[in-house]
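**Student:** When I checked TrEMBL for this same protein, it listed these features:
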BINDING   Asp126, Leu127, Thr128, Arg153, Gln169, Asp173, Arg322, Tyr326, Tyr327  L-histidine binding site
DOMAIN    1-55  domain 'WHEP-TRS'
DOMAIN    57-389  domain 'Aminoacyl-transfer RNA synthetases class-II family profile'
Amino acid sequence: AAQEAAVRAQAEAVRRLKQDKADPDEIAKEVAKLLEMKAQLGGDEGKPKFVLKTPKGTRDYGPKQMAIRERVFNAIISCFKRHGAEVIDTPVFELKETLTGKYGEDSKLIYDLKDQGGELLSLRYDLTVPFARYLAMNKITNIKRYHIAKVYRRDNPAMTRGRYREFYQCDFDIAGQFDPMIPDAECLKIVHEILSDLQLGDFVIKVNDRRILDGMFAVCGVPDSKFRTICSSVDKLDKVPWEEVRSEMVGEKGLSPEAADRIGEYVQLHGGLDLIERLLQDPKLSQNKLAKEGLGDMKLLFEYLTLFGITGKISFDLSLARGLDYYTGVIFEAVLLQQENEHVEELVGVGSVAGGGRYDGLVGMFDPKGRKVPCVGVSIGIERIFSILEQRLEASEEKIRTTETQVLVASAQKKLLEERLKLISELWDAGIKAEMLYKKNPKLLNQLQYCEDTGIPLVAIVGEQELKDGVVKLRIVATREEVNIRRESLVEEIRTRTSQP
């Protein structure tokens, strides 16, 4: 303790000398003394240990993970672009009041920031509310956009299942006044395209409508004031059995047992057009204006989905509720089904991989004159998809390339660094992805081994004889075949041999 006090006193003396702009030699002498005293103290042993970890509910992505992630992003973005979407971006934090009151019971998961400079801010919870704010602020009444960015939730993370506190969302939305169910059907087609393209295994897209839910609650005797809270209970049906949901409704939320039992008769139904027709004839539901509207639109939606040829993967499911407050019409959720493959047995829990719906009132909440802009959108659960692909790749032990290098520029003899630098510069200028080893005279074997390790398909070998003949020896790493290529044809040859099929 006495030694520590002496070190602190010496540090204070050094600080004062610096403050007083004392003679540099004197400062240097005192600093040396301080370092010596610290060394005697046993270096940093007195310091509290610094924990090297990422914050709870977050993770790093190394080159391998990023290679998988980029593959997934590219598939999703190309689908969004195929459907004619533009791209936007918004700030990572919003005014707190922008996010308040938009998420129902999930509002407790919003991250608030400390007041910095007079504005109360929160990290964005999703990309939908910022999108609605963007539309209202810029008076946009018509746009088809996608937005891929990180969002933040103060959730209890379940990282093995792809649930984080910081994660990416990939959103596609269509805003504007259009004929019913045409944009909605396109959103479902997009989910179908992406999940088929990523080959995640069998999936089902559950579809329901907020108006059908609200109509059902009304005819079952749920008071208006309890619609949203009962809705969030129904939303748990994919995770817990009906008995538990029923006891939460009755025990915690004060719903009458009779109303809960009536809800139970409906929420266990799922099917297709036949079920929609049956409910349109239902004596109670068909009398409710909201439910009737919702069922009419659902019938129309299924007709369009039949034309798109995707109804085999769509299920009209009355238990689907989606907890967010802002949905007003069609809601949907894509769920991965049990996988038979023994490697991914534990992935059953991954569940929902995409969700969305219609939210016609959200933009109006921000517009000073309350002007509504109807919107429908979908969010792809990239983190969950990513968890599945990552675990699958680990199980298969497939090698993943983490670079896109097409060719390694190598030399066969010593003293050819200049020639390698000249050649690699020519290749870079021509847009070829090229690398070389950072040694003056690397061994040819080491250069070839580097290609094996990193998956670089070609080696351009510079040698004394090749330089005289005006050629470069091109080696195909996989087959070990070597061909001499004229220097002026090299770029074209590399492009041809590495172009994707």
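All residue numbers here begin at 1 and follow the chain in the order shown.
Even glycines carry a Cβ here, placed using N, Cα and C.
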**Student:** 10 Å Cβ neighbour count around Gln169 (L-histidine binding site)?
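**Tutor:** Within a 10 Å radius of the Cβ of Gln169 (L-histidine binding site) lie 19 other Cβ atoms.
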**Student:** Which chain-mates of Asp126 (L-histidine binding site) that are at least 6 residues away have a CB under 8 A from its CB, listed by sequence?
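**Tutor:** Result: Tyr103, Val151, Gln169, Asp171, Ser379.
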**Student:** Relative to the Cβ of Arg322 (L-histidine binding site), which residues of the same chain, six or more apart in sequence, are found under 8 Å away?
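**Tutor:** Looking at Cβ-Cβ distances below 8 Å from Arg322 (L-histidine binding site), excluding near sequence neighbours, one finds Asp235, Ile331, Glu333, Gly355, Gly357.
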**Student:** If you average per-residue pLDDT over the domain 'WHEP-TRS' (1-55), what number do you get?
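**Tutor:** Summarising the domain 'WHEP-TRS' (1-55) by its mean pLDDT gives 80.
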**Student:** Counting each residue once, how many in the domain 'WHEP-TRS' (1-55) are helix, strand and coil under DSSP?
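**Tutor:** Reading the DSSP string over the domain 'WHEP-TRS' (1-55) gives 35 helix, 0 strand, 20 coil.
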**Student:** Using a 10 Å radius around its CB, how many other CB atoms surround Thr128 (L-histidine binding site)?
**Tutor:** 26
**Student:** With L-histidine as the bound species and Asp126, Leu127, Thr128, Arg153, Gln169, Asp173, Arg322, Tyr326, Tyr327 as its recorded binding residues, calculate the greatest Cα-Cα distance and give it in Å as a whole number.
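**Tutor:** Per the listed residues, the maximum Cα distance equals 21 Å.
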**Student:** Who sits close to Tyr327 (L-histidine binding site): which same-chain residues at least 6 apart have their Cβ under 8 Å from its Cβ?
**Tutor:** Arg210, Gly357, Arg358, Tyr359
